[in-house]
Amino acid sequence: MKNTVIRGTAASNQIRVFVANTTEMVAKAQELQMATPVAIAALGRTLTATSMMGLMSKSEKEKITVNINGGGPLGPIVVVGNSKGIVKGYVSHPHVEGSNLYPGKLDVGSAVGTDGTITVVKDLGLKEPYIGTYPLSTGEIAEDFAAYFAFSEQQPSGIALGVLVDVDYTIKAAGGYIIQVLPNIEEETLTKLESKLSTLEPITSIIDRIQDPEEILNHILGEFEPVILETYDVDFVCDCSEERLEQVLISIGEKELTEIIEEDKQAELVCHFCNKKYHFDEEHLNKLRSEILNKNNNI
């Protein structure tokens, strides 16, 4: 139940909603990235949002890449997701220490920064992917996704994302929701929804107390008679492999690869997403260089 997203509707199909509990997923990301509280708060929020966005896809082949770069000390945050809600991601500087806005509330906005953009790339496997970019509004992630949806996709959305880090730096709760109003929404329903969302306690408090996404949905939208359409198991999964890293080395070209062989006689590559190390000895590098030369000779 700790890595679950539910998709549903409410108010007789006037509202679309996604609710996520991603506590274990964010804990896994924290362990892989060895991230500080403020770093995992920023990354965890982005992972949760991207997972829910992936589940909005109408194509099973769609891949989503979210890049948040606000010019802050954390550096760019990159998350990649698919149509099943499976994600992987990293924060460029995971060891940055942050400050609190007030006791118990991390200042994620200052760590992310606001001098930059949120960019969403949706790759459907066609010739050109869809790319949407919008200036960051607060760096707090949820508001930035809401602004992206409103202006890049013309979809008004209420979004809450959160990561609750315990005193021992473990992840106590993580998750969020995306609530979107559909074109047929009545003014009275919209006013009632806005009022409800404005009075909710922080999403991490709700998840820490309730945990089950179905119960969270009823807590948030119970008066709108929500209907659950589907439940998804989501996760942080890195699909890196030696073969993929071989392609990275091949892509640098014969000249640079030869320089590495002559100067270092080995190479070590580290996956950004899971920090797994791949070691290539001189024999392996020479084999890759031969592949490049053979390919060039056949052109």
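Even glycines carry a Cβ here, placed using N, Cα and C.
Features of the protein shown, as given by Swiss-Prot:
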{"type": "DISULFID", "residues": "Cys238-Cys240", "note": "disulfide bond"}
{"type": "DISULFID", "residues": "Cys271-Cys274", "note": "disulfide bond"}
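The secondary structure of Cys240 (disulfide bond), as reduced to three states from DSSP, is coil rather than helix or strand. Contacts of Cys240 (disulfide bond) defined by a Cβ separation under 8 A and a same-chain sequence distance of 6+ are given as Cys271, Phe273, Cys274, Lys276, in order along the sequence.
Sequence-distant neighbours of Cys238 (disulfide bond) (same chain, six or more apart, CB under 8 Å from its CB) are Leu32, Lys88, Cys271, Phe273, Cys274, Lys276, listed in sequence order.
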